[in-house]
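Heads up: the structure comes next, in structure tokens.
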Amino acid sequence: MVIKKVHAREILDSRGNPTIEVEVFLDDGSIGRAAVPSGASTGSREALELRDKDPKRFKGRGVRKAIANVMEIIGPELIGLSVFDQEFIDRKLIILDGTPDKSGLGANALLGVSMAVARAAAVSLDLPLFRYLGGVTAGELPVPMMNVINGGRHADNNIDIQEFMIVPAGASSFSEAVRMAAEVFHTLKEVLQEKNYSTSVGDEGGFAPNLVSSKEAIETILHAASRAGYVPGKDIFLALDPAASEFYSDGIYHFEGEDMTASQMVEYYADLVQKYPIVSIEDGLAEDDWDGWSILTEKLGERVQLVGDDIFVTNPAILQRGIDKGVANSVLIKLNQIGTITETLATMRLARKAGYTTVLSHRSGETEDTFIADFAVGTQVGQIKSGSLSRSERVAKYNQLMRIEETLKEAVYPGVEMYRKYIR
Ligand SMILES: C=C(OP(=O)(O)O)C(=O)O
Ligand SMILES: [Mg+2]
């Protein structure tokens, strides 16, 4: 089937900011639609998200230029191309953009087209998206990391660590994992209320109470997990995303009222890992602190999953540098950090070859599009983070994964096997 028309429009994301939605029309009448998410604690080397900067529209955050690039530049070039040649189309997008950071046409313009092409192809073949992406081998659900307490840039003035996630690895299926996490989430609300904390939620749907420290956040979550009837370290584990680039300046980490060196931060994490059932720490140190990351990996790389988000930005060349230097042991995968499906898959392949795990991620500004749920199963990514158990744009991904699990006769949920090395 060939592409007949490409359309783009401005829609809103979960923060009420404009974002781009793309539709790809085929000659057989199939339509593929995809919407692009947007980050807040972005890595400085992410592909460029094109914004109009017209102060009269959306305070300068409009995406009309990116839309014009899709309609006037990209669209005409794709007419008549086979929708099944994803790689060829993505390479064409990269060439049309013509810059290393996608600033020519905008990574948001490119990714919207790249994802809508995959969707249209799946629709044309009458296949679920995960099946189109993964073929007959797609049969494994990811372990979810659910962000139940939001701090850092995702909530106003509470604790410095951005994400406190529960990992229901002890479940025997994805849907059981979701149920367990939802029960813990509701119990956490009760516990916070008893402590007279606010139960309003942050950008990713986790609670955003004014806790005094990250340790208090961890202990409150573990208390809620136990009260909900689960055993921390057996049923429920923890994952953190400090997003440390956000509290790093001039070589110092300004953390919980103290100025800390990278080594002191590593000691702090070592203590947390020792005391609590933490299986994963993402962006424990800042994106430019490669020496610090080496210390972190040397000290904790055998004890906990160390995920690089801001430091690698889903970029194969930067990840290669990390692999060469022995930095981290896992990579966060965000499609809009690099801009096309083909490049995202290249990063994932590279990670696997080097023995790094992969964690697929939403952005803090999301849409109702559930593309990443299908992408997680299609690529057998292993783990996914899509926020909390409130806010529909987050839950939509978990719900789609439960639908996929139901359609698979022999669905595999990796569960605790994912963290076997780290569980004591
Ligand atoms: C999802 C994240 O946040 P954002 O989308 O704001 O970068 C993250 O840092 O992992
Ligand atoms: Mg992160």
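Every residue gets a Cβ built from N, Cα and C, even glycine.
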Identity of the (2R)-2-phosphoglycerate-site residue among Gln86, Gln162 (reference: Lys334, Arg363, Ser364, Lys385, source: TrEMBL): Gln162
TrEMBL substrate site partner of His154, Glu163, Asp309, Ser361, His362, Arg363, Ser364, Lys385, selected from Glu190, Glu282, Glu410: Glu282
Binding-site annotation, TrEMBL, Mg(2+): partner of Glu282, Asp309 in Asp241, Asp250, Asp259: Asp241
The domain 'Enolase N-terminal' (3-133) - residue tally per DSSP class, helix then strand then coil: 53 helix, 26 strand, 52 coil
Recorded positions whose CB lies under 6 angstroms from ligand 2, from His154, Glu282, Lys334, Ser361, Lys385: Glu282
Candidates near ligand 1 among the recorded positions Glu204, Asp309, Lys334, Ser361, Arg363, judged by a Cβ under 6 angstroms: Asp309, Ser361, Arg363
Helix, strand or coil at Lys334 (active site, proton acceptor) [DSSP, three-state]: coil
For Lys334 (active site, proton acceptor), nearby residues of its own chain (Cβ under 8 Å, 6 or more apart in sequence): Gly39, Asp309, Val313, Thr314, Ser361, Arg363
Integer average pLDDT (0 to 100) for the domain 'Enolase N-terminal' (3-133): 98
Glu204 (active site, proton donor) in three-state DSSP notation: coil
